[in-house]
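Heads up, the thing below is written out as structure tokens.
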Amino acid sequence: ASVARGASWLRDRLGEQVLPEGMDIVEDPHRPRVMGSRPFDAEGLPTRRRSLVENGVLSGWILDLANARKLGLEPTANAKRGVGSPPSPGSWNIALTQGTKSR
């Protein structure tokens, strides 16, 4: 939602280096026996493992249907919702992957 509103410092950084080289951040909603795992988001879209940052480069956003539409992008199956609220973007099972460098 902050990206669609223009409130994120990463708004214009997609495809750019935002973390040190060698760092990856992934979202994996299918990890077995982990509380944040789910096959579908709150809008019924199938979730999947995907990279948010690859080798330090921002490679994706966290989007629900409405925010994806505002940005002219495909939704990423990241809708969450409360009991009395509309869907909004959210994430689950975010992990910093093990790199190849020790220092």
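Cβ coordinates are placed from backbone N, Cα and C, and glycine is handled just like the others.
If you check TrEMBL, you get these features:
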type	residues	note
DOMAIN	2-102	domain 'Metalloprotease TldD/E C-terminal'
REGION	21-44	region 'Disordered'
REGION	74-103	region 'Disordered'
COMPBIAS	90-103	compositional bias 'Polar residues'
Outside the region 'Disordered' (74-103), at least 6 residues beyond either end, the same-chain residues with a Cβ under 8 Å of its Cβ set are 1, 22-29, 31, 34, 36-38, 40-43, 45-48, 50, 52, 60-68
Secondary structure of the domain 'Metalloprotease TldD/E C-terminal' (2-102) by DSSP, residue by residue, totals 11 helix, 20 strand, 70 coil
Mean per-residue pLDDT in the domain 'Metalloprotease TldD/E C-terminal' (2-102) works out to 92
